[in-house]
Amino acid sequence: MEESDSEKKTEKENVGPKVEPPLGEPEGSLGWAMPNAAMKKKVLLMGKSGSGKTSMRSIIFANYIARDTRRLGATILDRIHSLQINSSLSTYSLVDSVGNTKTFDVEHSHVRFLGNLVLNLWDCGGQDTFMENYFTSQRDNIFRNVEVLIYVFDVESRELEKDMHYYQSCLEAILQNSPEAKIFCLVHKMDLVQEDQRDLIFKEREEDLRRLSRPLECSCFRTSIWDETLYKAWSSIVYQLIPNVQQLEMNLRNFAEIIEADEVLLFERATFLVISHYQCKEQRDAHRFEKISNIIKQFKLSCSKLAASFQSMEVRNSNFAAFIDIFTSNTYVMVVMSDPSIPSAATLINIRNARKHFEKLERVDGPKQCLLMR
């Protein structure tokens, strides 16, 4: 079918400004380059204006720290002008009088994960005019071939009824155009809620969202840019998009058992999101993975500012030893050992020897059999 002029115009206007590679990651690196033959996964990031979508995306994918998101809009405009991108483009961001970043229309970015997997991220501006256009003139373009819908709710929104209305409109469009899409709801800015009220408020909001989402299923997360909850949510989202995650987990378990590790974690290299893990016994802190992601990512950023690159580290005390090291071209690995009889050198050699196996497994079209055997 031949496209109409209006459809062609919409497609042209929806081409957003180039996304800068993360600090410390050269342009064209594995974390950001567009591959020739990639498995693309379309991810919609939606929510009302000022809900925090662009800030969280910049923290996860562009190595911003929370306090720097207040000047995010001005930074993006500076980058647009420095790249000499046509100022008539409909995609840009501004910061309002209270520091909220507002995205206009749809900003596209491509983020490469684990070899051939590419996240085609659509950050959709949340102004009322644009939201209405998404459900009318741009409906098919926006909601076709979606793998994941992420809808962000400001927990302190004064227009909750309107938020829910737009969310339900998104679900109707998803049901029509991408019925197999996975739905995630992020109840954001939870740091603004009194600590003793957070569990109750989130539980009530989660129940409402699950009810409104039927017949679709939604997964809900409480999030804040000021703690590890943001990493918890996005790690869970990315986990759903990895095509061979079961093979990855099976090999990770075999690796952990062979080297007698208490825990093994895989982090995506650019974002430091947890993409897979294995543990042989329960741990007290259920949020330790996301805390580590947050800490190490900020440490990597500090290294970059000093013109140094983070490669590996070892932490040891009387109870355990933890190793974080480059694993494959797209991942870091963390290995936790509690057996004092196993020397550090042996663990590091085991990590090095396992790299080639996990490099093969990362390929989307790679082998399906278990690569690590006793």
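Keep in mind that glycine also has a Cβ here, set from the backbone N, Cα and C atoms.
Secondary structure at Gly50 (GDP binding site), as computed by DSSP, is coil. Swiss-Prot lists Ser49, Gly50, Gly52, Lys53, Thr54, Ser55, Thr69, Thr75, Gly126, His188, Ile225 with the feature GTP binding site, giving similarity to another entry as the kind of evidence.
For Gly50, Ser51, Gly52, Lys53, Thr54, Ser55, Thr69, Thr75, His188, Asp191, Leu209, Ile225, the entry in Swiss-Prot reads GDP binding site, with the evidence type similarity to another entry.
Under the heading compositional bias 'Basic and acidic residues', Swiss-Prot lists 1-15.
In the structure as shown, the Cβ atom of Lys203 (ubiquitin cross-link) sits within 10 Å of 12 other Cβ atoms. Annotated ubiquitin cross-link per Swiss-Prot: Lys203 (among others), in sequence order, evidence recorded as similarity to another entry.
Under DSSP, Lys281 (ubiquitin cross-link) is assigned to coil, being neither helix nor strand in the three-state scheme. There are 7 other Cβ atoms within 10 Å of the Cβ belonging to Lys281 (ubiquitin cross-link). As annotated by Swiss-Prot, ubiquitin cross-link applies to Lys281 (among others).
Under the heading ubiquitin cross-link, Swiss-Prot lists Lys291 (among others). The Cβ neighbour count for Lys291 (ubiquitin cross-link), using a 10 Å radius over every protein chain in view, is 14.
Summarising the annotation, Swiss-Prot assigns ubiquitin cross-link to Lys305 (among others) and lists similarity to another entry as the type of evidence. Every protein chain considered, the tally of other Cβ atoms within 10 Å of the Cβ of Lys305 (ubiquitin cross-link) stands at 10. Following the DSSP three-state reduction, the secondary structure of Lys305 (ubiquitin cross-link) is helix.
Look at Swiss-Prot and you will find Met1 tagged as N-acetylmethionine.
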Listed recorded positions among His188, Lys203, Leu209, Lys281 whose Cα sits within 10 Å of Ile225 (GTP binding site): His188
Intrachain C-beta neighbours of Leu209 (GDP binding site), sequence separation six or more, cut-off 8 angstroms: Phe153, Tyr167, Cys185, Cys218, Cys220
The one of Gly50, Gly52 whose CB sees the fewest other CB atoms within 10 Å, among these binding-site residues: Gly50
Among Ser49, Gly50, Gly52, Thr54, His188, which are recorded as binding-site residues, the nearest neighbour of Lys305 (ubiquitin cross-link) by Cα: Thr54
Which of Ser49, Thr54, all binding-site residues, has a Cβ with the fewest other Cβ atoms inside 10 Å: Ser49
Cβ contacts of His188 (GDP binding site) (under 8 Å, same chain, 6 or more positions away): Gly47, Ser51, Gly52, Met56, Val152, Phe153, Asp154, Val155, Thr223, Ser224
Cα-nearest neighbour of Thr54 (GTP binding site) within the listed recorded sites, Lys203, Lys281, Lys291: Lys291
